[in-house]
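To keep things clear, I will list the structure first and then write my remarks on it.
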Amino acid sequence: TDLPRSPPAAAEPRHASPAAPRRLREKLRTAARMPGPPARTAPGSRQQVQGGQSPAQPASAAPPARQTRAPFRFDYERFRQSLRHPVRGGRPGEDPETRARRMKIKEMMKFAWDNYKQYALGKNELRPLTRNGHIGNMFGGLRGATVIDALDTLYIMELEEEFQEAKQWVEKSFDLNVNGEASLFEVNIRYIGGLLATYYLTGEEVFKSKALELGEKLLPAFNTPTGIPRGGSLCSPCSGMSWSWGWASAGSSILAEFGTLHLEFLHLSQLSGNPVFAEKATLSLSLPQVMNIRRVLNRVEKPQGLYPNFLSPVTGSWVQHHVSIGGLGDSFYEYLIKSWLMSDKKDSEAKKMYDDALEAIEKHLVKKSAGGLTYIAEWRGGILDHKMGHLACFSGGMIALGAQHEAEERRQRHMELAAEITSTCHESYTRSDTKLGPEAFRFDAGSEATATRLSERYYILRPEVVESYMYLWRLTHQPKYRHWGWEVVQALEKHCRVEAGFSGIRDVYSTPAMHDNMQQSFFLAETLKYLYLLFCEDDVLSLEDWVFNTEAHPLPINHTDFRA
């Protein structure tokens, strides 16, 4: 079963099939035909209308005014020269053990890729036990999620032959003219993020053109009364239609989905100076659209300063008061601090939103267990649920990253909080039989950092814990983070490696492991990349040059304007 970053109901509607009731299909068709809010247009440009059609012009209409501004062109060479460190680092002297461990992780990546290529190339994920591919319905008709997710990892690890195999598939087989409903969130973080990152790393135009073409097809998802993409954020890349599934979070929009667009859409705007794209869909609209999300969020009242997970795209008000730093909420907070960093610390609005949110989280959600473990609880209408999801374990790295730019007292407090949360997540691993962490762990009924429900005992190759290890290593250089990361490598090799790839496991407290027969694409994009970077020097994808999107795809910090 697919288990995306957010729970299945949020990102994978199970009823999206031709067998849906006829009345529902008619309703969806009607919704798809409804025009969205009028598009903002630049002087002399074509008006954008749904479906990409230009409105009919009266026979007597005067010709449009000529565009006087020179067309935008991104200067890739100037961009590369602006980077403060080589993308793959300078490879200074290092101890043999660190290099050997990094090479082991590189071998794991090659093994995962080779088996995907042999048994599932072009499908979205590999099923390693049955040696076939899996498509699923998160990505509509798009294929090759593992290819796109793996590209930048293959490049950074200098797996040159494998990178060329992946590039060739993108050039010859990656078809964007497909039918199907896709999650805007998942397509954005995996496909758009992966293509953008690989373009910035290599300068290969095919990745930029595919990213811009796909980004254009996502724009209709914003056609709602508030401009907030609808719940489930489903759109048809082929037709440009968008609608909301009624059973997807009761038609509401999910914080982590509509709040996890800014990094990628800003770069789509930065790269979209090609007049062909301006004529087709005016991708320069993408930045105002994601900025509108902030305006809605700043206007709505936040209970106790917290951001609930569900918002109505019609009224712009909260649907229910459930707050989580894990699934449904997680990457919203991550993208606030990273938007500020990516802007070279100029996006003061994002920084203030992050600071205010973190202050509310510290005040209302951060707790310490009887055994001394710090965790971030969930909040349901004022009542605390003393659990943390694996997804929430990214927060240690996020808080540490944000702390680097604070006044000393606040910096020290946040670094301690980041270290304590990361230590708690490490405990969730060490307290299992497999030394891998469960999907969620609780602090109640005498239990600490362990899953108490059967439905929360699985591990699907998730990256969030090793993500925090990587950030804490880079920001403190405390050896324990590399030690903890190597424990994860050993556990993955022992319990998740099978004859034809890597598989998630159904119960981290049971050995021998029961495999779920799924090699998730994010295992190649995130888990193995973060482990590899943990054993690299700090100048490999330096945090001075890059921020990582929530799928670990590196996007550059905007140190200057690269208009040619």
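Note that Cβ sites are derived from N, Cα and C of the backbone, with glycine treated the same way.
Annotated features in TrEMBL:
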- 1-71: region 'Disordered' (REGION)
- 1-21: compositional bias 'Low complexity' (COMPBIAS)
- 50-71: compositional bias 'Low complexity' (COMPBIAS)
- Cys393-Cys425: disulfide bond (DISULFID)
- Glu464: active site (ACT_SITE)
- Thr550: Ca(2+) binding site (BINDING)
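Note on proximity: among Cys393, Cys425, Thr550, the recorded positions of the record, the Cα nearest Glu464 (active site) is that of Cys393. Cα-Cα distance from Cys425 (disulfide bond) to Thr550 (Ca(2+) binding site): 18 Å (rounded to the nearest whole number). Put plainly, the recorded positions Cys393, Glu464 were compared by Cβ crowding within 10 Å, and the winner is Cys393. Between the CA atoms of the residue listed as 'Ca(2+) binding site' and Cys393 (disulfide bond) there is a gap of 13 Å. For Cys425 (disulfide bond), the number of other Cβ atoms no farther than 10 Å from its own Cβ, over all displayed protein chains, is 28. Neighbour count (other Cβ atoms within 10 Å of the Cβ, all protein chains): 27 for the residue listed as 'Ca(2+) binding site'.
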